[in-house]
């Protein structure tokens, strides 16, 4: 029978999404999602009608609970703003309500090695309470120490189909050697054994009675009846018991190429009590020489019920319901292994290796090794895989409640080096014994949780875990809460967070009027301009108890001011450097402009030699606005004016090299300059580039010191290159190249023409059709005469 590795690889790739979703630790509880339709995590802080809605609307929002904080006509929603804005508007710091998320470490035993790996503390802290404000992340520090000699449980799961006959002989002598090698890295190790073949129905196994009793090819061989999974030996530290039980095993047989290994893996992970797993590092060694059946294959044998994910071992250790349930999916296997904290090691032959390599990508913290044809290298393969798995630390979480997001940063090599963020897990590779690695776990909630949630973090393959108690901060803790407060019109409402909550039938900011007075003309007159007939509250609010309660960003006695109508700079109100009040930007210190777009600094306006804008302009927004006739960033240029380089060229040359037009009176003509030689590299375009009369190239930089003296930093002279020879040779070479090109082009065109004509001639020759014909004047010398009597004699007589 021929294996189908490529088909299985394709199936594995298609099931990747399923396994990645399924292979999470089971949830400890589900939380119901609750959302406030007024809230959004996007944008900046916006006004909100209450303290609770304010702190939920955006993580940057704060609430001012000071009494009478809002101005006349200003909505109470304006109490909700950024901390800086509220302080700028006069809210005392002690009156700010700005709850922040926090974390509290409840249990933090220090990391320790323990005695021979037993009792080691490898993960810290152990329990943390985290309170999340929606939209605000909280970061946890999780430390892991790789302890020496951590205990190990190893379960050897072997394919006993007939093709594994040679391997079984080798495994019968494996127990002692495997224990000895494992005891080199840990002082507490136990091993167990299980085997598998396939489901005992067609087309996987022959159901002919004689074949069910003896499925091997020849009668002389020792052979057992086929089975799905058989748990042979529970985990033990007795190597002789392992070798004795394995020695009693014999191979079996099946029909098709893939084996029923998934059934065996699932039962070994689910039946923890029967297998005898301890709460230590758990390894499952899976050996086979072929691929595996997966979910859906059972339908070929009339098995339609999906695997139920429960243990079904009978008293003899056999999987008793293998013919009732289909094979498990990759996702089910990955989830069961992850939930049981088991690390699988797939030891397979070269023919099946590509399939199991793809499978390993879908199962967290698994390893694959190539098994020799007779399993002679299985001990070394197990040791290599164990060392690889134990040196890889993978931090993973249980299922998250709706609305909570998590990300990881891994700090593997030191405090300065952090790996990139990952959404699903944190991982450090090649962790040495006694080395401590750190993970930064960031938690963020988008909305409130109806109840606390327990989140579990653990390092795969290790028994310890960190329990995180997740709470959400969804209300204000105002200390001024007062029922029937005197501030609210002598007890007509309750005071909470600086705002009156009126009793039934009462209205107004201070509950000062009743519902019956709501439409009184006298009250409405207070919401219009004197002798005005326009809409109440300028159409930007509603009239309540004779006062305007403005909506949105409007304010003022009649809501006449719009605090969102100020000019914007780069799309931001007041450029982000001021506060908009009644259509006018009130800029922060050192900012000017209608949209606070200008900085008060003038550094960019000071020229090296001419002061502010070279004396030919004024500085506005840290940029020079030049007078008529001048231009340039510093107003230092004009039509017909010399550039700074031209003005100072002669002084730079005579001061540095004692040459040039001013060489004889340099000290007098250049008294206002200070020339120095500079060996610094030329970093920008501010350097002047000039030549002396003898073609010497030099550079200099014009600067201005604090005393108003012009400083010229001159680089040493550089001999100008003579390009005459290069120009002449280039011209000659160009002419020659053009001539050769023309000749070659002509010859090429002639060649193409000749080839085309010759090809046409050959084609015409092939189409000639010479016909053979006779001369019409020619008469043959042969005459043929037919005897009619001869023809009658040949005819039969009737």
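One-based numbering along the chain as shown.
Backbone N, Cα and C atoms are what each Cβ position is placed from, and that goes for glycine too.
What Swiss-Prot records for 44-92 is domain 'PSI', and it gives sequence analysis as the kind of evidence. According to Swiss-Prot, the feature disulfide bond maps to 64-91, 271-311, 448-474, 478-497, 488-500, 502-511, 537-548, 566-580, 587-596, 626-635, 638-641, 651-670 (among others). Positions annotated as N-linked glycosylation site by Swiss-Prot: 68, 279, 434, 477, 531, 590, 665, 674. The annotation region 'Disordered' is assigned in Swiss-Prot to 98-124. The Ca(2+) 1 binding site annotation in Swiss-Prot covers 163, 166, 167, 289, 373. Per Swiss-Prot, domain 'I-EGF 1' is recorded for 478-512, and the stated evidence type is sequence analysis. Sequence annotations record features per position, and here Swiss-Prot assigns domain 'I-EGF 3' to 561-597 based on sequence analysis. Residues or ranges marked as transmembrane segment by Swiss-Prot on the basis of sequence analysis: 724-746. Per Swiss-Prot, the feature phosphotyrosine maps to 778; the stated evidence is similarity to another entry.
In sequence order, 164, 165, 349, 374, 375 are the residues of the same chain, not among 163, 166, 167, 289, 373, whose CB sits within 8 A of the CB centroid for the Ca(2+) 1 site. The distance from the Cα of residue 626 (disulfide bond) to the Cα of residue 163 (Ca(2+) 1 binding site) comes to 93 Å.
Through the fold, the transmembrane segment (724-746) approaches none of its own chain's residues that are at least 6 residues removed from its boundaries at a Cβ separation under 8 Å. Annotated pair residue 488 (disulfide bond) and residue 271 (disulfide bond), C-alpha to C-alpha distance, rounded: 67 Å. Residue counts for the domain 'I-EGF 3' (561-597) under DSSP (helix as H, G, I; strand as E, B; rest coil) come to 3 helix, 16 strand, 18 coil.
When the Cα atoms are compared, residue 665 (N-linked glycosylation site) and residue 373 (Ca(2+) 1 binding site) turn out to be 98 Å apart. Closest in space to residue 167 (Ca(2+) 1 binding site), of the disulfide-bonded residues given as 474, 497, 511, 537, is 474, taking the CA atom of each residue.
For the region 'Disordered' (98-124), the DSSP-based tally of helix, strand and coil residues reads 0 helix, 12 strand, 15 coil.
Closest by Cα distance to residue 674 (N-linked glycosylation site), from the disulfide-bonded residues 91, 271, 448, 587, is 587.
Within the same chain, residues 85, 88-89, 540, 552-555, 621 sit at least 6 positions outside the domain 'I-EGF 3' (561-597) and bring their C-beta atoms closer than 8 Å to a C-beta of that stretch. Of all the Cβ atoms in the protein chains shown, 6 others lie within 10 Å of the Cβ of residue 531 (N-linked glycosylation site). Looking only at the domain 'PSI' (44-92), the predicted model's pLDDT averages out at 87. When secondary structure is read from DSSP and collapsed to three states, residue 502 (disulfide bond) falls in the strand class. It is 502, among the disulfide-bonded residues 488, 502, 548, 566, 635, whose Cβ has the fewest other Cβ atoms within 10 Å in the structure shown. The Cβ of residue 271 (disulfide bond) lies under 8 Å from the Cβ of 231, 311, 313, each on the same chain and at least six residues away in sequence.
Using a 10 Å Cβ-Cβ cutoff, residue 311 (disulfide bond) registers 15 neighbours.
Between the CA atoms of residue 474 (disulfide bond) and residue 511 (disulfide bond) there is a gap of 27 Å, rounded to the nearest whole number. Comparing residue 448 (disulfide bond) with residue 289 (Ca(2+) 1 binding site), their Cα atoms are 52 Å apart once rounded.
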